[in-house]
Number of protein chains: 2
Amino acid sequence: MAPAVAHSQAESLLAFRLLLVGGMFSASTPPPGPLEKVFQYIDLHQDEFVQTLKEWVAVESDSVQPVPRLRRELLRMAGLAADRLRGLGARVASVDAGFQQLSDGQTLPIPPILLAELGSDPKKPTVCFYGHLDVQPARQEDGWLTDPYTLTEVDGKLYGRGTTDNKGPVLAWINAVSAFKALDEDLPVNIKFLIEGMEESGSLALEELVRKEKSGFFSSVDCIVISDNLWISRRKPALIYGTRGNSYFTVEVKCRDQDFHSGTFGGILNEPMADLVALLGSLVDASGRILVPGIYGHVAPVTEEEKRVYEAIDLDVEEYRNSSQVKKFLFDTKEELLMHLWRYPSLSIHGIEGAFHEPGAKTVIPGRVIGKFSIRLVPHMDMSVVETQVKQHLEYIFSKRNSSNQMTVSMALGLHPWIANISDHQYLAAKRAIKTVFGTEPDMIRDGSTIPIAKILQDTTQKSVIMLPLGAVDDGEHSQNEKINRWNYIEGSKLFAAFFLEMAKLHSSW
Amino acid sequence: MAPAVAHSQAESLLAFRLLLVGGMFSASTPPPGPLEKVFQYIDLHQDEFVQTLKEWVAVESDSVQPVPRLRRELLRMAGLAADRLRGLGARVASVDAGFQQLSDGQTLPIPPILLAELGSDPKKPTVCFYGHLDVQPARQEDGWLTDPYTLTEVDGKLYGRGTTDNKGPVLAWINAVSAFKALDEDLPVNIKFLIEGMEESGSLALEELVRKEKSGFFSSVDCIVISDNLWISRRKPALIYGTRGNSYFTVEVKCRDQDFHSGTFGGILNEPMADLVALLGSLVDASGRILVPGIYGHVAPVTEEEKRVYEAIDLDVEEYRNSSQVKKFLFDTKEELLMHLWRYPSLSIHGIEGAFHEPGAKTVIPGRVIGKFSIRLVPHMDMSVVETQVKQHLEYIFSKRNSSNQMTVSMALGLHPWIANISDHQYLAAKRAIKTVFGTEPDMIRDGSTIPIAKILQDTTQKSVIMLPLGAVDDGEHSQNEKINRWNYIEGSKLFAAFFLEMAKLHSSW
């Protein structure tokens, strides 16, 4: 019955849970354990939690637009969060992160990075939460139905910029801790917080700090929790255990630096655009298969166990297709779609620099053009092998054309894929916590895009990382009318509380 | 010997000519004819002619930048030209051309179009000169070695914006007429002028006026002379008898209006860029050959006579390649190069609208992209046949991909090729005039680009058109340090005078 409940309406599930908790108090033996009390506390104080989220959303902590007013809002936001953490009894270091140098010569302060700790009991595991307080830009005239910086509840949905990305999840973690504190219950884990304010602008200064604190702040950490993604469903929770990497390539074809007039030179040149279009056209076929020889050589084979993970995932392909506004995907089944998003590489051509890109008709032969494409990487592709394969392939294609132009291929950016071992403690603990709160197994999912922070934290600190999202698939992060459901926010707070307890239980058996 | 002279330095040729003319006066029988006197007059008054060009160049008659100050300069320029034409005794109509509506709602006056006539003797042929008084923008800081609006003579080169394009040639025609007038010699032809001030901005209002005047101003015209191109050599004159047309295509591939994130969707989409790159890649091969089936079907076959025309053209391939800053052309011989520029179609890919075109790395899957390419048309390609061939070809290529995207091909712009009959009177007259003035046969050339005015004038008025350029290949029209050689300007004035006489001679035998 549990899974059925998990798929029902938020309201009925909430009622069901309150009934359960209420039942425990009135008639059950044994008396309610600490978690039941925490759950009840969270339910009873949910309006306060929503109120705090409202206060946080009201701060226009936009890190993307580099203007002094917004930077002051980011500093104010960091101050609010530090106060809240201190209110929990945490020791908070607000680490100065220096300045951001803009291309126009302007300098703006980077908001401080918060390092906070609560408890240092060597008998308890130490769980570190990573989150961010900054948001994407939002203006009501972009298509918001409500003011983006005034949290507005409609039908159980809490609309506002940052509600799901990432202020809501940060507060859910704080709510969980605060419930233990308010009830004077012993926190089952030592808690650490790593909170930044520049995530939407490339996490400036973060990696440097993490590296510096590897044997300081992070030395006692057992695992790092990131809650900065979404489920793949509206109702079923998920755990994320991998993200794809990315190799971003540029291929330049040059005849000369200046453009030509297509009347005066058309017909006698190896035109760089013709070369480039042939090069880009050699990369991927109409079925999405990458044509670079050897590229699939290191892709991890699909195991039977893995297949079962995909089969268990809750995804309505038709609904997904409709909400994506796509007429037809390359694949029809859930399993094929998800595998091609998460565990197979993909190649996308992004565009061309140096050619005519404006509306209208210009009769130019571009003299020098730069094609841009990238390959999403998956385990166990090796970035330097991919780089060599792509370069060799393009050089071969180009040599066959006998063009007198000059071709240069560069890998402009390389981000490794990240994958977690789903047998690690934190995944086991998270699964159990999800079962306790939502009465179901989570979707075990990956993210097709690249979230460098997971890989950076894992590689730099050598600690296990888990992505434990709270938001539903339709939350609209980065989009207009971003929201978090009240249900996700409140049950998510409970989830973190349950996770603390499960981590502690597992720790005692380490 | 004559051709050798034509290839020598300007100074020595001028000296040689002065010697000839001088010789005629001192010892020759019979006494000098009207043309000899006209030539001498032009030589003796050349500094005055240069001075007038200097006055005209000093007017910043830039029609490209839509600002009131420059528009006033254009009106002033039209006034100067009208005065000069009236000074010749011409009847000048300054036709109001209305207003230009700018995209920002601003309105600017279009300079008046001058229609002038001098003589209406039914026994003489009527020759109409088309020219323009407006110029491309120029600022010294763009790389001019002298102030672009102060005509400056260095080593026989008259530097200044508009010297060759097109104020110099307009004045050369006026100089020729003025010499006859000053000498009180009978003008061998009736003269008409069609002078506009918006050529560099698409000849606004011109076509409408020409259509309106078809059976008025143009009814008595025998041929129209355009002198708005350049020779293909520094020293050898040329006649232009054809220009290529242009069919400009857009091919749109659409999945949806918004872009996708390449992490979140890469791997499961028919990506519009992959489709578009395949479509564009199917258009032309590495040797420059257009791959659209049937496209060469209507291209006029090369005749033996035509081959000889190409062989006779004066072009140093190596110098041309160097000055073009191109490592290697698709063809090695002069004949192949010129034929592929002038008498064969060519296809150029200009760029893509809707894709990522900026510097840097953006992981976008463009949702809707528009490729742009154009085909330079030659006789006897039919624009509507070409349109059908291109559409059918792209539809075939697209259908083979089985893509779920939507493709739309449009011909955005179509300009017919123009070709003149080089046996027409005006070509014969121009050849003879060139022989008289320069002692050589002209290069018989075409222009690979599309000059709509020739085709428009020919089609609208049903009169023969000739392009009779005065400027040398290195004059740098539209470029920094535009110039006309004093030699080209002065000998060009004589050329027009000789042309009047040759037209009259041919007319008497009509």
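Residue 1 is the first one shown; counting continues down the chain.
Note: Cβ is positioned from N, Cα and C throughout, glycine not excepted.
TrEMBL names B:HIS132, B:ASP165 for binding Mn(2+) 2. Of B:ASP83, B:ASP222, B:ASP228, the residue it gives for the same site is B:ASP228.
For the Mn(2+) 1 site, TrEMBL gives B:ASP165, B:GLU200; the one candidate out of B:HIS478, B:HIS507 that the record lists there too is B:HIS478. Across the structure, B:HIS478 (Mn(2+) 1 binding site) and B:ASP165 (Mn(2+) 2 binding site) are spaced 8 Å apart at their Cα atoms. Under 8 angstroms separates the C-beta of B:HIS261 from a C-beta of chain A, among the recorded positions B:ASP165, B:GLU200, B:ASP228, B:HIS261, B:HIS478.
The Cβ centroid of B:ASP165, B:GLU200, B:HIS478 marks the Mn(2+) 1 site; residues of that chain outside this set whose Cβ lies within 8 Å of it are B:VAL135, B:GLN136, B:GLY162, B:ASN166, B:GLU199, B:GLU477, B:GLU482, given in sequence order. Sequence-ordered, the extra residues of this chain that approach the Mn(2+) 2 site, with Cβ no more than 8 Å from the Cβ center of B:HIS132, B:ASP165, B:ASP228, are B:GLY131, B:ASN166, B:PRO169, B:GLU199, B:GLU200, B:SER227, B:GLU477. The Cβ neighbour count for B:ASP228 (Mn(2+) 2 binding site), using a 10 Å radius over every protein chain in view, is 23.
When Cβ neighbours within 10 Å are tallied across all protein chains shown, the highest count among the recorded positions B:HIS132, B:HIS261, B:HIS478 belongs to B:HIS132.
Fewest other C-beta atoms within 10 angstroms, among the recorded positions B:ASP134, B:GLU200, are seen around B:GLU200. Looking only at Cα atoms, B:HIS261 (site 'Important for catalytic activity') sits nearest to B:GLU199 among the recorded positions B:HIS132, B:GLU199, B:ASP228.
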